[in-house]
Amino acid sequence: MAAAAGDADDEPRSGHSSSEGECAVAPEPLTDAEGLFSFADFGSALGGGGAGLSGRASGGAQSPLRYLHVLWQQDAEPRDELRCKIPAGRLRRAARPHRRLGPTGKEVHALKRLRDSANANDVETVQQLLEDGADPCAADDKGRTALHFASCNGNDQIVQLLLDHGADPNQRDGLGNTPLHLAACTNHVPVITTLLRGGARVDALDRAGRTPLHLAKSKLNILQEGHAQCLEAVRLEVKQIIHMLREYLERLGQHEQRERLDDLCTRLQMTSTKEQVDEVTDLLASFTSLSLQMQSMEKR
């Protein structure tokens, strides 16, 4: 019998037998030649101090507790064997539904500083926080991101910094406004141009459905009313409007219209008097009105 047990040790067996109340021993085969271990044998072993098992365990080297350990392990599937060795508290923690951890207090403070710095036009702090890994898309309780604040303030440099670090130009705040909407409401033409280049949607500028063409027309009407401004200020504003419209029409695929704007921009650069600038302004206003009419016809 001992020899048979030794043979069983050489070839481990697993699984259940067909005999009632008997099963194969795993993971260490301490069985007879049939590969079976009887619960009756185990009971008699406990009652007789282990004598009933000595002959079936390689000459009595194993104690009844060793067989108890084997019985405890044998019905466990492989994944359960590891579980038996893990403390109960750790198992309970592992069984809890996985919850995504939010930002730490330090990170929350950094994100708030990013928004505050963008709102305060603090370019250096914004750049440092972005380089330190602050998320440019993080919003406050009203859904406003640093890009919303910078766009509303008209700070083109901060807007470009945020876009370069992954800010979403189409992210909406709690009221549904995108950064492009806010830049348009505050008449910040250069910011609109930067946002358009950064991937802002061009299908509608704000909740009222106004486009950069509407904004350009309004701005040009103000310039045509003749408010007292120096020549350079008027030229700069007209140039900004041309750049915005050129980017907008390029996004719409209207390349021929963009070429006309390029011609106007060249003429603007050659102006030296206010009358010449006014002439370019009038041409640009006519171009804008015509483009709006064409858009209205296309929608019909």
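Numbers here mean position along the shown chain, with the first residue as 1.
Glycine too: its Cβ is placed from the backbone N, Cα and C atoms.
As annotated by Swiss-Prot, N-acetylalanine applies to A2, with the evidence given as a large-scale study or a structure entry.
Taken from Swiss-Prot, the feature phosphoserine applies to S58 (among others), supported by a large-scale study or a structure entry.
What Swiss-Prot records for S63 (among others) is phosphoserine.
Among the features that Swiss-Prot reports, region 'Disordered' is placed at 1-27.
The region 'LYN-binding' annotation in Swiss-Prot covers 141-241 and rests on similarity to another entry.
For the repeat 'ANK 1' (109-138), the list of distant contacts is 103, 144-147, 149-150, 153, 155, 157-158, 161-162, 165-168, 171: same-chain residues at least six beyond its ends, Cβ to Cβ under 8 Å. For 109-138, the entry in Swiss-Prot reads repeat 'ANK 1'.
Taken together, the residues of the repeat 'ANK 2' (142-171) have an average pLDDT of 95. What Swiss-Prot lists as repeat 'ANK 2' is 142-171.
Same-chain residues lying 6 or more positions outside the repeat 'ANK 3' (175-204) and placing a CB less than 8 Å from one of its CB atoms are 142-143, 145, 147-148, 150-156, 159-160, 163, 167, 169, 210-212, 215-216, 218-219, 237, 240-241, 243-244, 247-248, 251-252. The repeat 'ANK 3' annotation in Swiss-Prot covers 175-204.
Taken from Swiss-Prot, the feature repeat 'ANK 4' covers 208-244. For the repeat 'ANK 4' (208-244), the residues of the chain that approach it from at least six positions outside its boundaries are 184, 187, 189-190, 192-193, 196, 202, 261, 264-265, 268, 271, 273-274, 277-278, 280-282, 284-285, 288-289, 291-292, 295, judged by C-beta separation under 8 angstroms.
Annotated motif 'Nuclear localization signal (NLS)' per Swiss-Prot: 99-117, in sequence order.
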